[in-house]
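Working notes for the structure below.
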Amino acid sequence: MPDIVNRKVEHVEIAAFENVDGLSSSTFLNDVILVHQGFPGISFSEINTKTKFFRKEISAPIMVTGMTGGRNELGRINRIIAEVAEKFGIPMGVGSQRVAIEKAEARESFTIVRKVAPTIPIIANLGMPQLVKGYGLKEFQDAIQMIEADAIAVHLNPAQEVFQPEGEPEYQIYALERLRDISKELSVPIIVKESGNGISMETAKLLYSYGIKNFDTSGQGGTNWIAIEMIRDIRRGNWKAESAKNFLDWGVPTAASIIEVRYSIPDAFLVGSGGIRSGLDAAKAIALGADIAGMALPVLKSAIEGKESLEQFFRKIIFELKATMMLTGSKNVEALKRSSIVILGKLKEWAEYRGINLSIYEKVRKRE
């Protein structure tokens, strides 16, 4: 088995310090226009950003999506993120816990999260390829109990696995059968998330047919995991690097993924993530059809700079979210979901070509 601990460290190093954010790709969020209301009818002080994340109330419709863990230095990053997430009352996901299940010495970098964040929703994380390799209920329960998780994310990353030097692109259909059986035995919900390439309506419908109702888009336009693996290939002289260059713009852009999932599964719980870099981006994702917005890379970069930097980052994000709510006349998150939007450009073309009637979608996104 390759040294997945060192691989995780390298992933974080490349993500934080190399040019992989939005490389050769777009979220299409620029094609979403929130309609300005010159007389909002509310005051800034009465705006309520609280919402629900499954059984728990959170202070804002924003979450930290899973990133890292597995070694002491990664545990320190997780600790900072968890402490700040607890202070701001927002959910936090951890990176893949495969390393902690297979290497006991890696567990502390994950368990620290619940120790310093006793009340917020924490989301465990395992990969779909591990289901093919034989993971079952025992491993899922271990991942959940390890951090006293409120939910568990199962990540899809076929594009990353294809170009990874030591990748395991194993996605046979029986993995979904196993996931369906496991979900019936768990006490917490499963969220299926992508890893930077988005969820299409075909994938959403397939997952839904196996009992999955919770999704995280992780669309194209944010952290480019094909680029990360390309850099790792280059460092090793691996011939896959040249091929990876041709796929840097592969995937479903975040805004398109939000529309596709919401349109095909109207009752889904949906995290809109992938290139969310501001409170305005978060508001657009929610108005477009997500329940909450998720972000990872900007949180990681701020956490590396320190706790104060991350606190300032979240203050900025939440202020921008509230500013958008003010300027759209949205007193609360439910009102933001129903706010007026205009869909332009490539996103409109994408939706229409994919057979999505935007007049019908207008009612779907507003949950009417």
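Quick reminder: no glycine exception, Cβ is built from N, Cα and C everywhere.
Together with Thr65, Gly66, Met67, Thr68, Ser96, Lys193, Ser218, Thr223, Gly275, Ile276, Arg277, Ala296, Leu297, Swiss-Prot lists one candidate of Asn48, Asn125, Asn246, Asn332 for binding FMN, that being Asn125. Here Arg98 (substrate binding site) is positioned 13 angstrom away from Met67 (FMN binding site), judged by their C-alpha atoms. A C-beta separation below 8 Å, combined with a sequence spacing of at least six in one chain, links Thr223 (FMN binding site) to Ala15, Val20, Asp21, Gly196, Ala296, Leu297. Spatially, by CA atoms, the binding-site residues Thr65, Lys193, Ile276 include one closest to Lys8 (substrate binding site), and that is Thr65.
In the three-state DSSP reading, Ala296 (FMN binding site) counts as coil.
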